[in-house]
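Per Swiss-Prot, the features are:
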- ASP105, ASP107, THR109, LYS111, GLU116: Ca(2+) 1 binding site (BINDING)
- ASP135, ASP137, SER139, THR141, GLU146: Ca(2+) 2 binding site (BINDING)
- 51-86: domain 'EF-hand 1' (DOMAIN)
- 92-127: domain 'EF-hand 2' (DOMAIN)
- 158-193: domain 'EF-hand 4' (DOMAIN)
Amino acid sequence: MAYPGYGGAFGNFSGQIPGMQMQMGQPMPGAGPNMFSGGYPGYLGYSDSYSPADDSMWTYFTAVAGQDGEVDAEELQRCLTQSGISGTYAPFSLETCRIMIAMLDRDYTGKMGFNEFKELWAALNAWKQNFMTIDQDQSGTVEHHELSQAIALMGYRLSPQTLAAIVRRYSKNGRIFFDDYVACCVKLRALTDFFRRRDHLQQGIVNFMYEDFLQGTMTI
């Protein structure tokens, strides 16, 4: 069954982008070898045969990462800024980089390894393409109704009240900047993942212990 509120494909983007068509199970162009949609919609997996040493991004990642082979939020911010993935948009804020790490921090180290970085990179590229598609005037911002459209294109089926609350949270004077848009995408994905892991019957209903709720939401 389709999961309530969530039906996105890889990278949380199910809308068609001009010149880019994806189906579940297909590798993402330019995202590295053996990279497929896996687990459930919105997440990417790596085959066991994938060797990071074969990827050109491995050298770049290790130049930024610490001796433990991982990056913290400040290192991730520097890495993404130097990579130019934001394009003409403002670089990602430190807070957005923190929640990016939290989204993929499955071992709760507060850091991001190379495979997690690659997964993030794929999601960011998809979200950026989505943003560029709806930012037709190339102003670097989208309007509130365009954010609602983007959320729907990602596969989320949300009530008008929920959409309005999200727009109020991430808009500034009725406009949503790229950094805030990505922060919104990250939180939607992370919180949906947190909820779905506990929704064993896939009915959109979960009972939380108080501390479990805090651990899942305060870290994002």
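In case you wondered, yes, glycine gets a Cβ from its N, Cα and C as well.
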Residues that sit under 8 angstroms from ASP105 (Ca(2+) 1 binding site) by C-beta distance, when 6+ apart in the chain: LYS111, MET112, GLU116, THR219
How big is the Cα-to-Cα gap, in Å, between SER139 (Ca(2+) 2 binding site) and THR109 (Ca(2+) 1 binding site)? 37
For GLU116 (Ca(2+) 1 binding site), the three-state class that DSSP assigns: helix
For GLU146 (Ca(2+) 2 binding site), list the number of other Cβ atoms lying within 10 Å of its Cβ atom. 19
With H, G and I counted as helix, E and B as strand and the rest as coil, say where DSSP puts ASP137 (Ca(2+) 2 binding site). coil
Quick check on the binding-site residues THR109, SER139, THR141: which one has the highest count of other Cβ atoms within 10 Å of its Cβ? THR141
Helix, strand or coil at ASP107 (Ca(2+) 1 binding site) [DSSP, three-state]: coil
Let me spell it out: for each of the binding-site residues (ASP107, ASP135, ASP137), count the other Cβ atoms within 10 Å of that residue's Cβ, using every protein chain shown. Which one has the most? ASP135
Give the helix, strand or coil assignment DSSP yields for GLU146 (Ca(2+) 2 binding site). helix
Take the C-alpha atoms of ASP137 (Ca(2+) 2 binding site) and THR109 (Ca(2+) 1 binding site) and report the distance between them in angstrom, rounded. 40
